[in-house]
Amino acid sequence: MLRIVSHLAEAQAELERICDRTHDDAVVHREASVREIVQAVQRRGDAALIEFTQEFDGFALQAENLRVSGAELDAAYQQIPKELLDAIRLAHHQIEAFHRQRVPKSWVQFGADGEVLGKRYTPVDRAGLYVPGGRAAYPSTVLMNAVPAKVAGVERVVITTPPGPDGSLNPAVLVAAQEAGIEEIYRVGGAQAIAALAYGTATIPKVDVISGPGNIYVTLAKKLVYGTVGIDSLAGPSEVLIIADRSANPRWVAADLLAQAEHDPLAAAILITPDLELATQVGFEVERQLQDHPRRLVTEKAIAHYGLAIVVDSLETAVKLSNQFAPEHLELEVEDPWALVEQVRHAGAIFLGSLTPEAIGDYVAGPNHTLPTSGAARYASALSVETFLKSSSLIEYTAASLQRVARAVDVLATAEGLESHAESVRLRQQSLDR
């Protein structure tokens, strides 16, 4: 089932096809539908949320139960096993420890004539986190979005997540939110939740930044509201690219490919190796492990359409292909991964060595698992504390420093036809010359 390609031109064409897998005519149609939803929420607020939640989630939402109650939050702790609570707490600790090390510090520097230049970082006032529902519950998504926002110092962080047909929310999601210090949670999902966060309703506050993954409707809604609010990214389906040599364990490689494919029918799982025998063995292992897979239909579809093994002449060629694809997750299951990593230019996250499956990064390693997809790793990075911060330049000039640059400002402003710019400096210089 895992197709093997050994011609370079064909491999490049396949990687391009996989990278563009969400760019189809259906997206254009969906964008029109999403625009209608967003505009309805902007106009009608809570009433539109109630209507769309009934239509899409099958739950008769009321304005008074949009927000999750304190009783529900308390009860969630009784609804999950202790082992899961312990795992959530371990993940929270690891993620927080990593992100605290990544907080940029404000700074100033002093020039020769006493001028002061610097940069000051401040958090946004409000952040809205989207946590998907649907096929699975994602407490890890809560932590990966909530922890950077809290570490950044955002004063008000709220969560939206879609309810089940009975209005319930997954207790693990509610527990993860509370462990991260968030108790303001709203039971609404989809494009309508993004619109509510962007424009505000009588119940849900307007925020400054929206983060969190979702389906195509959520992604399109984030695209539409960008500019009204900041967003983390426009995430596409998940993907892993594994570079492996003959030292790799084919069972482990197959398991890592399937771990990505089980996310979504559009997920991509790619192996690049200079070893044809390894590629063949991995293909056999993929089929064997699929037989009893609990998410076989989803996983099988992803492997059939976006699973691929590419056989190349060298590891150097493998890295070149990877850089062209710019994967969300890159695993280096090779004998000396640190020797190879220096050649990697574009990847959302890099997992070095056979004992570092991508799942470690999904849950407990600490670095963020919200990563650029669909080739965006060429220019974008993981969600971080900086997603919830903005910087302001600090500039203070003295008499001496103003005198030193005044003529240059005058000349440049005059050349651009901005006379008042030039005059604003001339007046000060004249005052200093008296």
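Count begins at 1; order follows the chain as displayed.
The backbone N, Cα and C atoms fix where each Cβ goes, glycine too.
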Identity of the substrate-site residue among His293, His305, His329 (reference: Ser238, Gln260, His263, Asp362, Glu416, His421, source: Swiss-Prot): His329
Diameter of the NAD(+) binding set by C-alpha atoms, the set being Tyr130, Gln192, Asn215, in angstrom: 12
Cα-Cα distance linking Ser238 (substrate binding site) and Gln192 (NAD(+) binding site), given in Å to the nearest integer: 23
List of residues, in chain order, with Cβ under 8 A from that of Tyr130 (NAD(+) binding site) and at least 6 apart: Asn145, Ile159, Thr160, Thr161, Gly189, Ala193, Ile194, Leu197, Ile210, Ser211, Gly212, Pro213, Gly214, Val218
Non-site residues, in chain order, whose CB comes within 8 A of the mean position of the CB atoms of Tyr130, Gln192, Asn215 at NAD(+): Pro132, Thr160, Pro162, Gly189, Gly190, Ala191, Ala193, Ile194, Gly214, Tyr217, Val218, Ala221
Rounded inter-Cα distance in Å - Glu328 (active site, proton acceptor), His421 (substrate binding site): 46
